[in-house]
Structures are given as structure tokens and as C-alpha cells.
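Chemist: Feature list, courtesy of Swiss-Prot:
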| type | residues | note |
| --- | --- | --- |
| BINDING | Gly10, Pro11, Thr12, Ala13, Val14, Gly15, Lys16, Thr17 | ATP binding site |
| BINDING | Thr12, Ala13, Val14, Gly15, Lys16, Thr17 | substrate binding site |
| REGION | 35-38 | region 'Interaction with substrate tRNA' |
| SITE | Thr101 | site 'Interaction with substrate tRNA' |
| SITE | Arg127 | site 'Interaction with substrate tRNA' |
Amino acid sequence: MTQKVIVIVGPTAVGKTALSIDIAKKYKGQIISGDSMQVYRNLDIGTAKITPDEMGDIKHYMIDILQVQQRFSVADFIDNCRKDIKEIANDDNIPIIVGGTGFYLQALLDGYSLGGDTFDQLSIERRKKWQLFMEKNGKEKLWEELAKLDIVAARKIPINNFRRVIRALEVIEQTGRLFSEQHDESNEEFEPLLIGLNTQRSTLYERINKRVDIMIQTGLIEEAKYLYNLGGATLPAGKGIGYKEFYPYFDGEISKDEAIELVKRNSRRYAKRQLTWFRNKMNVVWFDLVNNPEDIKKIYKLIDDWI
């Protein structure tokens, strides 16, 4: 039996946190952070971590679970998510995953089998190969590749369900057997509804710049100095945007204003990469609540139909 999961994605500063709270209240949900940096304690400002006041009485998971010296891999993310989703569902609540690292979310939803280094290398390489093939040749050509290898499986998978087509190709390569002859457990694990938030680029970049200014006012530089004093970029948590840009400033190599501009530039670039990832690799239904707040009704309708 598949577990329904709502996933809210999109770049920073477009309202994902507020939407997640609204959905959790309306549909009896609990929230899992999908951000690989929000797992770290004492990194609240630079990670745009939800505040206790914003949480209200909605339970949140995968926030403040590690020290900055501890590593957090995609395998750790999947393990934690699966446990949290199970706990939420067992309490008759809907799991809601918010924001996050695109590859981590995709790995969870596409049902990677965890197996240490083998998982990290071979599975990722197979997946990336077929993703690149699709980006270059299109969904139809991708589906045709599956049809050449396993026509029975291809007839059962719609062309537009490229995630499933890629999964089938990956399994065939991994096992050397037809996908249609195998019991693929990932197919039964999750039934995600992917909701994406975005807005026009000029507005998005303006909101990102403003958010960085607010972060500076509320203590981002002090947070970066905390990481710097512990080891900076040598720490698992020390390479995040919003922190690493200040290390040259602390070393006297650039000015504070230059560091702040680097944070803004890197944040904008990351937002662009996020959008490219989610659009190319995940089946997301997009909304712009910044310019069209009334679209919240369309989101509720989408959820009602999905439930």
C-alpha cells in the first residue's frame, strides 16, 4: 500500500513555509523539513529555519537533529524521512515535506535501495545517465528506450511519467532482468503530490535580496562567525550559502559589503538551479502565490482531488 505524501518545493523566499502551515492545519498534517542544512542546531538564520512562533502547534521533523560537525548524507536523509513519514502516518496525519535539496527529495520519492557506497555511486550514475538522455532527446525517446528493452513494462507506464520510466530502465540495468518480471518495491512506497511555488524572476531576486538584508540584521554574520570559529568550510555544515561567503571577510580578504553581495549572488544562482532541477526532474504542479494569492484555492482543490 502506497503512502500519500505532500511535497512542497520551490526556491527560497516564495512562501513555502506559510503554505505548509496552512495545509497542515487544514488537512491534519505534520511537517518534515526537506532541507539538508536545517538538520543542524544553532544554524537558524542562514538556513531560514522556521521559528517556534511560526510552527504554532504543528509538529515538525528533521530540524535541529545534528551538531554542525556531523555529516548528513542522502542515505541519512532517506532513512530519517522514512521513519518520520511512518510515525506521522501512524498518528493518522498527512506527511508534508517542505522545501529542500532536489536530489535528496528525488532519491526518497524514486525509491533508491540504500546500500552504502554502492547506492551512492552506481545508482546515482545510472539515474543521471537516463536523466541526461531525457533532457537531450525528450520523454518519448526515453520511453522508446524502455519499450526496446521491456515492452510489457513500457505499455504499463505513461510516457509522461518519466520518473517511473527512468526507474524501470535503472532496474533493468542493475539486475539484468525485465522490469515487468520484478516486484519493484519503490512503486508501492510513496504516492507524492508535488506542489511548486515560484514567481517571476525579477520579483524572486528582489525577495531574495531583501531576505538576505533581513538575515544580516538578525544575526547572520554572527552565525557565520560561529561556524568559522569551529572550522568553517572544513565542517559538514560549513559550506552552506550564507556562511561560506563570510570566511574571506573574517580573514581580512574582502569587505563586509562584498561578502553580503556574494551571499545575495549565490542565493540567486542557487534559486535558479533549484528551479531547473525541479522542472526537469520532478512532476511538479506550479503556483505563484506571491502575485496570485487567491491560487491557494486551486492548491486546496488539487489536494482534495488527490486525497
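The backbone N, Cα and C atoms fix where each Cβ goes, glycine too.
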Chemist: Determine, to the nearest whole angstrom, how far the Cα atom of Thr17 (ATP binding site) is from the Cα atom of Arg127 (site 'Interaction with substrate tRNA').
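Modeler: Taking the Cα atoms only, Thr17 (ATP binding site) lies 30 Å from Arg127 (site 'Interaction with substrate tRNA').
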Chemist: Take the region 'Interaction with substrate tRNA' (35-38) and count its residues per DSSP category (helix H/G/I, strand E/B, coil), listing them in that order.
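Modeler: Helix/strand/coil tally for the region 'Interaction with substrate tRNA' (35-38): 0 helix, 0 strand, 4 coil.
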Chemist: Quick one: pull the CA-CA distance for Gly10 (ATP binding site) versus Thr101 (site 'Interaction with substrate tRNA'), whole Å only.
Modeler: 10
Chemist: Cα of Gly15 (ATP binding site) to Cα of Thr101 (site 'Interaction with substrate tRNA'): how many Å, rounded?
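Modeler: About 16 Å separate the Cα atoms of these two residues.
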Chemist: Below 8 Å Cβ to Cβ and six or more residues apart, same chain only. Which residues does that give for Thr101 (site 'Interaction with substrate tRNA')?
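Modeler: Counting only residues 6 or more apart in sequence, the Cβ neighbours of Thr101 (site 'Interaction with substrate tRNA') under 8 Å are Gly34, Asp35, Ser36, Phe77.
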Chemist: For Lys16 (ATP binding site), what is the secondary structure by DSSP, using just helix, strand and coil?
Modeler: helix
